[in-house]
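**Q** A single structure is presented below for examination.
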């Protein structure tokens, strides 16, 4: 067994073991999230269900591809036939599924950013265009692996290093984009919660800590913090020393293969929280948009916390309203509900 063959087997074994554990966790959360989407008969829940299923199928293909790569590595075959028939196709499919999972994950994050920041046009188009451009950049690098069938020396000596660098650049840009969006969402939720809690002058002290805990949990899930953590680990791994035998088979390669599962876990956590949260069914959501209070209430020293919260529910094609009557004498305040990645449920 040559050193390169042994290294290939070891790296693929690590990838398969890591993927198996993470995919098991993801599958349990996927079933829970899929079931939760049937609790609400809305257009938004249906669309989110399809997003969940599509991402699951993509990650399933990714898992099967990497498992086949490990199975082929166990054969310890260094021939060109093995490389051209199995290694390159499996590499391309695995990379394409990784990029697609990143596109879906970032697209969902962009929509959360758009909803939480009052659906302003720039909050959709600016980060959305950046996400799409980054995905196509990485797909172009994935396609360059096919050059080996036409000009192998050019591929091995020139294109392969370029392709690897583009993949690393894709990860860095995705990390930068997620840092901005995730940080903005976290800041928005925490700041709004503080203003909302400060207005509840008659609230008992215990409710403040409970609401804060719920807000932190909600912020971590809805800001796709799991994806950000996965990207952070990947970027740190990409700075590690290269493989001693085959330079691209290193710890960065391992993280690149398992990072799509982080995208999937983040997505199903958002879906499951929306479907299973009893808080949203019994209480109004924390306001995440522009709010206005009655000046007369301020003058009379009354609480600025709303007594009637009217949550306008809308999706791309439908809209309805849900009202929570806490006191009939107080004004109706409009709070956009940010509890659903597609708007309102």
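Just so you know, glycine gets a Cβ as well, placed from its N, Cα and C.
OK, TrEMBL features for this one:
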- 12-36: transmembrane segment (TRANSMEM)
- 48-68: transmembrane segment (TRANSMEM)
- 88-110: transmembrane segment (TRANSMEM)
- 122-142: transmembrane segment (TRANSMEM)
- 162-186: transmembrane segment (TRANSMEM)
- 216-234: transmembrane segment (TRANSMEM)
- 254-276: transmembrane segment (TRANSMEM)
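Provide an account of the burial state, proximal residues and distances for the features listed.
**A** If you look at the transmembrane segment (12-36), the same-chain residues 6 or more away from its ends with a CB under 8 A from one of its CBs are 49, 52-53, 56, 59, 63, 66-67, 69-70, 73, 253-254, 257-258, 261-262, 264-265, 267-269, 271-272, 274-276.
Residues 95, 99, 102, 106, 109-110, 112-113, 116-117, 127, 130-131, 134, 137-138, 140-142, 144-145, 219, 222-225, 227-228, 231-232, 234-235, 238, 248, 252, 256 of the same chain sit 6 or more residues outside the transmembrane segment (162-186) yet have a Cβ under 8 Å from a Cβ within it.
Outside the transmembrane segment (216-234), and at least 6 residues removed from its termini, the chain residues within Cβ reach (under 8 Å) are 105, 108-109, 112, 116, 171, 174-175, 178-179, 181-183, 185-186, 189-190, 252, 255-256, 259, 261-263, 265-266, 269-270, 273, 338.
Within the same chain, residues 11, 14-15, 18-19, 22-23, 25-26, 29-30, 32-37, 39-40, 45, 48-49, 51-52, 55-56, 58-59, 62, 66, 94, 97-98, 101-102, 104-105, 108, 112, 167, 171, 218, 221-222, 224-227, 229-231, 233-234, 237-238, 339-341, 345 sit at least 6 positions outside the transmembrane segment (254-276) and bring their C-beta atoms closer than 8 Å to a C-beta of that stretch.
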